């Protein structure tokens, strides 16, 4: 199965010794057999479901652990990275000393030494000029399966001379007993060294740490080259018109970009360069809680052989109870992108975007289902990144809580948010793109805006009917709202209509406006940021 001549000897360069066997770039059938091996115990063992997909559990780590993320502070990163301990604004880029890095690296390499290992060589980025060649090393078959699904799978020819730009060593079974003395958050760690170009994982089994780890790396490298790096999904119409959907986990990026009328470019991570929009990934990582064939047919039918389910409840007959959130609200499935029929082929990239959609899940019930943004409002709401953290996507979050996440992805930003905003705005201006704010969250009824209405809103954005619609201005937020749209309940377009009285909306709106204003203060120490204050609520 080995295409190139990778040997256990090669792994000694990473500090991994006495490897029993290398399973190099296994095919899906091999992984299927490995995951169902009855000799496996605990979280290593997969369960076969009636669709042919394998289901695995990730233990207490059913979401990312942002408090356990660290980056080595050295000459490479000292003056470029957006550090957690410098300046204004909250982020997860906690500095790590070289000494502690060496200790953590020793723990992981010791864990992987003397073992039977799975190696996956894959690409991150569909543009051959800027993609990263990544080597993933793990002792767990399903973790190899996960990255095979999620990253771009090289051809046999591309594997012949594959040279990794970045190494990910997943030591999920090891923890750091010296964390207290080292001033770390816990015994678990997700650590990066951008000089050595290595990511280490210890203690957490959550597959998303590998996916989002590489996203953080791309978020460091690309904007420094003038390329937009975006936490968004993207699709393209028959006429070549590209739409991108920004939003945090659970706001609808995957669901809304998976549209039978349009071809999917990707569901979560993209770049935007001189040629257009391109996917970082080769797969999708969709939430499955309360999944149904009726509401989300493409995702539902993508769950078949080679898909990998996480933390779902499998019944005795092999069927999956997608409504069961007893393990987590953040149940997931990863699958190769070709499990979706309507995708861009052969490479997941297209032209420049004409529609930029910011998805927010407003827990206050204040924002309208859709509004058309001015250029300054686009920058303001991109930097604000308002949404609600939805249950389960991070450990310890069980109820929707309002949050501000710069660029709709602060957890993954490696540079200061204004750098991403500047690059995005330049790309949008060059392409003549228009931005919209879409609330997929709640309104005054206390219920979530229906996916039917949201899909009709997206259709109106894509086909241009929203741009042609008459609008009125929502007070306090100064947002332009259409008076009516095809297929959308007109009553809900003005959020004030969903309350018992206008005063009830006003009260909540004032509270939310105050949060926006307080959050944006961290950007007002620059002339560019101060100039955007008037684009927000007042």
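Cβ from N, Cα, C; glycine included.
Close to residue 206 (substrate binding site) in the fold, though at least 6 residues off in sequence, lie 58, 61, 62, 63, 64, 65, each with a CB less than 8 Å from its CB. The substrate binding site annotation in Swiss-Prot covers 64, 206, 212, 332.
Residue 332 (substrate binding site) falls within a strand when secondary structure is assigned with DSSP. Per Swiss-Prot, ATP binding site is recorded for 212, 231, 247-255, 296, 332, 448-449, 454, and the stated evidence type is sequence analysis.
When other Cβ atoms within 10 Å of the Cβ of residue 231 (Mn(2+) binding site) are tallied across all protein chains shown, the result is 26. According to Swiss-Prot, the feature Mn(2+) binding site maps to 212, 231, 268.
It is 10 Å from the Cα atom of residue 212 (substrate binding site) to that of residue 268 (Mn(2+) binding site). Long-range Cβ proximity for residue 247 (ATP binding site), meaning a same-chain Cβ under 8 A and a gap of 6 or more residues, is found for 231, 232, 253, 358, 359, 360, 361, 387, 408, 440. Counting neighbouring Cβ atoms within 10 Å of each of the binding-site residues (64, 253), the lowest count belongs to 64. A C-beta separation below 8 Å, combined with a sequence spacing of at least six in one chain, links residue 332 (substrate binding site) to 207, 208, 285, 286, 287, 288, 309, 310, 311. Classification of residue 231 (Mn(2+) binding site) by DSSP places it within a strand.
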